[in-house]
Amino acid sequence: MYTYLKKLPIKQISLVLLGATILSFGTFNFNYQNSVTEGGILGLLLLFKNLFDISPSITSVVLDFSLFFLGSRFFGKSFMIYSVLSTITFSITYSIWEAIGPLVPSLGEHMLLASLFAGLFVGVGVGLVVRGGGASGGDDVIALLVSKFTPLKVNWVYMITDFTVLGLSLTYLRFEQIFWSLIAVTVSGKVISLIYYKKEDDDSDTELTKEETSSQEESSEDILPETEKI
């Protein structure tokens, strides 16, 4: 893995590392501290944490790797490497935040603010990882695969998986808390979608520029012989 990792672009690796770190920071300081759960795999991590006191640094590795393997079958080896790097980074940095303790004052009396910040940090974190070419969790793999083979956009796939997990979260959260979580999920889904489709637009622009350059070169070659005759 290390040998292959050295061949990958530094920019992509940096996006994955930064995204996973932002995600773990937001998950611990905003989601967990204020009982604002998330959907998808991240929501399941918080579910296991609250019901069985199993740290997300452990469950994220177990749950994610199986789905990462599935994703690599469709998106290639580099996707698997980026995703594994994201999971390891999330696991390590989350353990660090747990050891340090909360770095943000509790927003329990300001739940709307807590929900908005939770959604923002999760959205930016996941969005950067996906933009870097990987997945921050198994639900990212599900969202990318479904959007690849169906007309559904990634934000709608996230919404479906998120609402399913939020329903399960009623086992340890009150409906009022689920309401705030719905706000966080909506914000994070929108932010992820914006960052993801911005990446697609950039890729399309790059491809278009290459095609235009190639076309101009071909035109120049066609004109060159006439110029030489003159």
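Backbone N, Cα and C define each Cβ position, glycine as well.
Copied from TrEMBL, the annotated features are:
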type     : residues : note
COMPBIAS : 201-213  : compositional bias 'Basic and acidic residues'
COMPBIAS : 214-230  : compositional bias 'Acidic residues'
REGION   : 201-230  : region 'Disordered'
TRANSMEM : 12-32    : transmembrane segment
TRANSMEM : 52-72    : transmembrane segment
TRANSMEM : 79-100   : transmembrane segment
TRANSMEM : 112-133  : transmembrane segment
TRANSMEM : 154-172  : transmembrane segment
TRANSMEM : 178-197  : transmembrane segment
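Simply put, out of 12-32, 52-72, 79-100, 154-172, 12-32 has the most Cβ pairs sitting under 8 Å from the transmembrane segment (112-133). By number of Cβ pairs under 8 Å, the transmembrane segment (12-32) is matched best by 79-100 from the list 52-72, 79-100, 154-172. Long-range contacts of the transmembrane segment (79-100) within the same chain: residues 1, 4-5, 8, 12-13, 16-17, 19-21, 23-25, 27-29, 55-58, 60-61, 64-65, 68-69, 71-72, 129, 132-137, 140-141, each at least 6 residues beyond the stretch ends and with a Cβ under 8 Å from a Cβ of the stretch.
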